[in-house]
Amino acid sequence: MTSTLTPPAESAPAAPAPAGKPSKDRSEFRRKLSRFDLKASPYFYVAPFFILFGLVGLFPLVYTFVVSLNDWNLLTGPGEWVGLDNFAAELTDPLFWNSLFNTFSIFLLSAIPQLIAAVVIAAVLDQNIRAKTFWRLSVILPYIVTPVAVTLIFSNIFGEQYGLVNNILTTIGLDPVMWKTETLPSHIAIAIMVNWRWTGYNALILLAAMQAVPKDIHESAALDGAGAVRRFFSITIPSIRPTMIFVIITATIGGLQIFTEPKLFNAASSIPGGPQRQYQTTVLYIWDLAFNRQEFGKASAVAWILFLIVVAFGLLNFWLSRRIASGENRAISKRRAKRLARYRTEQELELDRLSAIPGAPARTGASVPLERDADLTPEERDA
Amino acid sequence: MKLSRHTKVAAAVAGAASIALLATACSSGGSESGSDGDITLTVTTFGTMGLDDLYAQYEADHPGITIKPTNIDTGGNALTDWQTKQAAGSGLPDVQAVEEGWLSKVMQVSDSFTDLNEYGGAENSADQVSWKNEQATDADGRLIGYGTDIGPEGLCYNGALFEAAGLPSDRESVAALFGGDDATWEKFFEVGKQYTDKTGKAFYDQSGFVWNSMVNQLPEGYYTSDGELNVEGNSELEARWALLAQGAADGLSANQTQWDWGGGKAFIDGSFATFVCPGWMLGNVKGNVEAAGGDATSGWDFADVFPGGAANWGGTFLTVPTTSKHPKEAAELAAFLTSTESQVAAFQAAGAFPSTTTAQADPGVTGESELTEFFNDAPVGQILGSRAEGVVAQYKGPDDSVIQEQVFGPSVQELDSGKADGPTAWDHAIDLLNQLVAQ
């Protein structure tokens, strides 16, 4: 780091210097400049990111909070300062809780089957199968399709009167399901869309984690007689736990912000999210508040509440992964301590055996051959 | 940290570039003046308005003016676009198309639109049907838009299905069947019940459009003319709601998903026999029938009658936001695009029914077209011109669209799906009204 420092002025080559003073000034200036360079440059190099983050991340966050404190109409602009009234109003608004219920319902209906399926697919892909690349590419394929296209297709499939699913159901003599106007069916339909898109993506992430599990553990477990299922649950799953946490948390954050699928599931609906708000998720509710009801202040308040919920999940993630990490450390140090203890006992036994032999060095500990030199004091080494 | 001279320069350039990018990202939009006094006018429209050829013509006739048009796919997306830019206070074009359904929102900020009377508005809008100008005039008497088209409502019906049900099927007899000039909703539901009892099929596609028409044709809708909210205890609305609820209970509604209709299939499989048809809807009917594989033989026709009297649904205005740097030129362009000649051209290009009486009478509008061919040779232009007579410009309060869509939307669906009867659904609507709309 110090190499950019200019040499001190005294040792500077006595170059032709008609007037000594300017030269001294210049070198003084250069020294200052280089000190400045040394101290400040790193901040300038990282500045673009932070300027961008401030503009597109931090500023909107703070501004949204400011908006949420006002009775702010989207078109006519800020009205009265109402403090936290918007938050209070929304926390008692049944439509807000309805949206939160829908969000979590769709999230659970999508995340749980999705993760189970992803783990199973990853486990299958982790086997020694033919045409690996083909299979891996196939599972990621739905992820490439834009969510809008996915939703339009599924929206058609789940049409109530002319949709494919209901056609099949009525053909085999079952009652058609009201996919777009009843709560649970609509949640299931949206969850299916989400799963179709994200299962393969998560499967690939889990697959990468599975491939990092050392094969020799599997082999030794197999030698000990553990079957494939036992090995999967006792070796694979515990080994990919950190990745699982990552996948769960990203799925949670994505799930809490679900918008496109419910928005376009019935695109022409006068209320976004179903005629009686059966699948109006929280983000959709924010959009509805801001752009249909012009309640910009309340929409901002809900946006902040959602932000806090997501942060809470982020902290949960942090806590969980720390617990797992420290749990692992604890396990490791325990194992190491045990091994060390065993090692020491063996040494003791060995020494006892040695000292029992006549002519052997007395058990002084000064010249225990098994100790590493580095652990000995110079005197001991000399001895 | 030893950096070569090159690296330092590169870093400086990169840093400067990123700042420059940020700066330019915020400075686009709005009108620009060219170097030699040329003027660029930005125009934002939506859907198919048929103005593209007119832009070229205007540019040719007015050297020094360049038009930069932006067309947004649907009215809904255009509304979001306009609201966002209006809220941000920047990015609005010189000429902004505004749909009738947005008026309740637009009028809240009517002072952010140029008063066209300052640029010859009275003269330029003289040919418009009078209620169109009333719609575009704010509380202070400022004219903020020129009408491009209107949506007078007639009744689409399926002649083949009417015939099968033993009802008259030619246009004049159908108009007479519903009561001609004195057609009422009572009569409409009465005929519907006959049809449904006879065939076991629904009469109209869903209740939403019917309810819209029922409310919008009244002299006063959800608000009184002096701006008071007037839903709870409004006996006129309640009476119409009761008719609608009875109709749904009698199975007259096919409970279709509006704007979907099974990809048009419902139009050709006999799911329903009548359909509420503003002028611009005729193209939608044709498009839906064709999307489902049908053609003119599917039996759809268009009658010069509408229950409850004249009604209008939709239609667009061209406005000049006050943010425009060239309001005079923008107002001139808007006047040109809404002139009689332009409206006839737009009708031929896109089927938007003209809002000026002179254009409505033009042979280019009243004559034959693809639409007349599709609707069993019905004189579509003439019928729409006749349907436009007697429309009233209803006052639209600030929450009009919220009440229409969010308050009554769920209740209308409850009627159609049989989830609630008339009074219960009405009560639900009142609950929502109290919850969503500040009194």
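Quick reminder: no glycine exception, Cβ is built from N, Cα and C everywhere.
Note that TrEMBL annotation is computational and uncurated.
Listed in TrEMBL for this protein:
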COMPBIAS  A:7-21  compositional bias 'Low complexity'
COMPBIAS  A:370-383  compositional bias 'Basic and acidic residues'
DOMAIN    A:100-317  domain 'ABC transmembrane type-1'
REGION    A:1-26  region 'Disordered'
REGION    A:354-383  region 'Disordered'
TRANSMEM  A:43-66  transmembrane segment
TRANSMEM  A:104-125  transmembrane segment
TRANSMEM  A:137-158  transmembrane segment
TRANSMEM  A:188-209  transmembrane segment
TRANSMEM  A:240-259  transmembrane segment
TRANSMEM  A:301-320  transmembrane segment
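Below 8 angstroms of C-beta separation, residues 132, 135-136, 139, 187-188, 190-191, 194-195, 198-200, 202-204, 206-207, 210, 232, 236-237, 244, 247-248, 251-252, 255-256, 258, 262, 279, 281 of the same chain, each at least six residues beyond the ends of the transmembrane segment (A:104-125), sit close to that stretch.
Counted as Cβ pairs under 8 Å, contacts with the transmembrane segment (A:137-158) are highest for A:188-209 among A:43-66, A:188-209, A:240-259, A:301-320.
For the transmembrane segment (A:240-259), the list of distant contacts is 103, 106-107, 110-111, 114-115, 118-119, 190, 194, 198, 202, 205-206, 208-210, 213, 281-284, 287, 306, 309-310, 313-314, 317, 320-321, 324-325: same-chain residues at least six beyond its ends, Cβ to Cβ under 8 Å. Using a Cβ-Cβ cut-off under 8 Å and counting only residues 6 or more beyond its ends in the same chain, the transmembrane segment (A:188-209) has close neighbours at 106, 109-110, 113-115, 117-119, 121-122, 125-126, 136, 138-143, 145, 147, 150-151, 154, 158, 179-180, 239-240, 242-244, 246-247, 251, 254-255, 258, 261-262, 265, 279.
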